[in-house]
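Student: Below is a structure I'd like to ask you about.
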Amino acid sequence: MHPETEQACLVPSSKKTKLCSENFEDKFSSLLESVVSIILSQLPTAEAVSTSVLSKSWKNIWTNITDLHFDDTKQRDPSDSRFTDFVERVVGDIGSPHISSFYLCSVNTFDETLLFSWLSKVLKRNLQRLVVTCNDLEIISFSSLFPSFVSLVELRLRTKSILDISAPAILPNLKFLSLEDARIFNMSSVSKNLVLNFPVLETFEASYCRCFRTDTVIIDSPLLRIFEMFKCTSEHVPNPSQVCKIRVLASKLEKITFCGDEPRKIHLSFPPSLPDAYLALSRSEWPKTFLRSFTCVTSLALVLSKDFHVMAVPKFSQLVYLHLIYDMTQHFRLMQFLKSAPILEMLSIRDLTSPRSTPTAKSLKELRSVESPDCVTTMLKVLQIRNFKPNRLQISVLRYVLDNAEILGSVILSSPNPITEEEKARILAFPKASPHASVLFE
């Protein structure tokens, strides 16, 4: 806060003390109304409106605020209309020709037409940031409002929504897009493809979204850096395979985060310059073609459920860092990816094994007898085991790497609980193929 503004806020709380007394000078009176409006815009809208009771001169100053923030999460009562009445009054009385942001978070149900009315009004004022979080509302169609999104820099819709798009969607100013539980329909009678043209978009997030009647979704965003997709799917795909293809045209893309459990619904395609990916995969059999989309990465994080299955792992010829979260009783899973990463230098693993699972002596023996992949023998320099527990299973994996990694430099064992000195001494005494390998306990 600016020093002058901070001093102006130091008004005594006693009702008996006058605003302009010998000890306290009214600094606000000397501020321009535009400055006061900026200050009020930083407050929650309810607090900004409450300043209207200070004096006659303050009665309408709040109507010039440019940031609207409404939140009823502390009062769950669908029968109480005071919140919607308040929003209706503020949106109707606001006098600012330009509104920077509109934030609405509600845990109650109300008439969806009210939300549509509020958005229609604020979008006409060159709105830049729009955030709507209303999980209890029925499905809302934003389709007719979509052309009004052209001024938006940030759009976050966390509500059951419908977006009907019949032509290439162009949002020229959008930098951040986050959709949750959206139904996206391709309404074009000419093309089976859906083109999203966001020339300055930097971050794309989609979770629990569904795409209908679309063969290919093309996201044309040359400045896109972060792409996240969480449990999205497709329906009524107009091709025999019933697979919706998603092509991301983004030469500056830095990281992909993907979580899914329907391997045959979506196929992803990215530029070959993609450096980093995080994939959480579960259920059923994932086609080799899905993983092939990520073979260009140098850094890969994989979360694999116990029921994850893939017939063959493609070659990750540029992979240097692998973080694998998996059920360590399935040692073949680790071997699948080690054999497919010829230049791997850093391996980080974390166990997803159920506490009730106990590895058999046979499975531990199988791990020791597996031929070491080339990357372990000649390339691996760092091993990290996260959430390390000195049980038979994790010790067997640790010893496998120590026995075979000839140029290993560091072993990092990150444990949530203290490891006894006796256990540390036992681990430090394990034979090592690399004379330079050191073990660090975290």
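Our numbering is plain: 1 for the first residue shown, then up by one each step along the chain.
Each residue, glycine too, has its Cβ placed from N, Cα and C.
Below, the features straight out of Swiss-Prot:
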type   : residues : note
DOMAIN : 26-73    : domain 'F-box'
DOMAIN : 370-414  : domain 'FBD'
REPEAT : 126-147  : repeat 'LRR 1'
REPEAT : 151-172  : repeat 'LRR 2'
REPEAT : 173-194  : repeat 'LRR 3'
Student: For the repeat 'LRR 3' (173-194), what are the same-chain contacts with Cβ under 8 Å, counting residues 6+ beyond its ends?
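Tutor: Cβ under 8 Å, 6 or more out: 128, 139, 149-167, 200-218, 238-239.
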Student: Can you work out which residues elsewhere in the same chain, 6+ from the ends of the repeat 'LRR 1' (126-147), have a Cβ less than 8 Å from its Cβ atoms?
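Tutor: Same-chain residues near the repeat 'LRR 1' (126-147) but 6 or more away: 98-110, 112, 115-116, 119-120, 153-165, 169, 173, 183.
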Student: In this predicted model, what is the average pLDDT of the repeat 'LRR 1' (126-147)?
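Tutor: Value for the repeat 'LRR 1' (126-147), mean pLDDT as a whole number: 89.
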Student: By DSSP, what is the split of the repeat 'LRR 2' (151-172) into helix, strand and coil residues?
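Tutor: Breakdown, helix to coil: 1 helix, 14 strand, 7 coil.
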